[in-house]
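Per Swiss-Prot, these features apply:
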- GLU75: active site, proton donor/acceptor (ACT_SITE)
- GLU75, HIS94, HIS96, HIS157: Co(2+) binding site (BINDING)
Amino acid sequence: MPGSRIALRHGLIDAARQVTTLGLNKGTAGNLSVRAGDGLLITPSGLQAADLRPNDIVFIDSEGEWRGPRKPSSEWRFHHDILAERPDVGAVVHTHAPFSTVLACLGRPIPAFHYMVAMAGGNDIRIGAYATFGTAELSRHALAAMEGRKACLLAHHGMIATGRTLKAAIKLAVEVEELAEQYWRCLQIAEPEILPADEMERVLEKFKTYGDNAQLPSPPA
């Protein structure tokens, strides 16, 4: 099979199922990719994670071309473009996680209400402007929101999280969703106080060596 790399295919399937188990995606929503040589492997369009088999995973080359029995996820463009533009990124996770999506639909970026926002690479988690799913325009908006960041929200859509590995990208997606829920709950009472920029700079510096051996959270019982 073109672009085989069977271990990466199995790893991507396991990751897609884990994202569903963690409640970050439901049904056929969301998609994941991992860097593979001169291209990427990505989950296909229209299949639930539980039904995925290695041959369903799609290889896309550096030119954005693919072949095989399955079409890639409709969001393959921003996966391809993020991996092409960001050598620090080895995997991309896109979810429609509930609280992240609520904030994205409200046009609410996540500010530095909590120091853990720095896990996403800066002093906020931005929102990429809305564009129709699967378009080059959406990819451009995602890249802009991801500049200097490891994660972002997508207006009226969902969330993107990245990492050097699938494990790291999923861990960050879990963290972003947790922050989104905490921020939403704060907003039910009042606007939370925002940490100053100099404090977030200190946190960002400390995070350069934080969590290297952190374990992925277990799924809820």
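Cβ coordinates come from backbone N, Cα and C, glycine included.
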List the Cα distance (Å, whole number) between HIS96 (Co(2+) binding site) and GLU75 (active site, proton donor/acceptor).
-> 13
Around the Co(2+) site recorded as GLU75, HIS94, HIS96, HIS157, what other same-chain residues have a C-beta within 8 angstroms of the site's C-beta center?
-> ALA29, GLY30, ASN31, THR95, PHE133, LEU154, GLY158, MET159, ILE160
Position of peak Cβ density within 10 Å, selected from the binding-site residues HIS94, HIS96, HIS157 | HIS94
For HIS94 (Co(2+) binding site) and GLU75 (active site, proton donor/acceptor), the CA-to-CA distance in whole Å is 9
